[in-house]
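These notes are about the structure you will find just below.
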Amino acid sequence: MEPPSRHAGTDIIIEDARWRASVPGTERAIRRALVAVARQGGPDFTQSPAPSILLATDRIVKRLNARFRDKNKPTNVLTFEPLSPMHGGDIVLGYETVRREAAAARRSLRAHLSHLVVHGALHLAGYDHHHPGEAREMEGIETRTLRSLGFGDPWRQGNWQQAGSVRI
């Protein structure tokens, strides 16, 4: 495991070196996504505690998913609510699943990572996608945020499936 990297108040822990090898400037991409989502109406982590980000393997995500959701399989992103007012929560991403989804959707790994960081940050801020109105609002913020970062609309490109993302 590499030491945490601090950007904009966010602890970024890269458990799997393939993240850095596949997404040059990984930490900067994450920081940019968090700043961009605030500009589009999402959570502003300069005003509240920022989340910790763990870039992990599917094996780690599978273990967490089994322990906290009783689902013995990996997923793309898990979010964990803050345990105290001084903590911003946690966003955990599984490398193999995220890479596979990006390839299937014909998107860069950087674009998909940015999308899932934004998605996780919105979950931590209380947004959800279980009802059509909530989903439209959340997807709208995600789309505006990703466009501001120079990426296309994640809901119109490729085969993106939100079903794998979960909030705990």
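Using the three backbone atoms N, Cα and C, a Cβ is placed for every residue, glycine included.
The DSSP secondary structure for His123 (Zn(2+) binding site) is helix. Here Swiss-Prot flags His119, His123, His129 as Zn(2+) binding site, drawing on sequence analysis.
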Among His119, His123, His129, the one of these binding-site residues whose Cβ has the fewest neighbouring Cβ atoms within 10 Å: His129
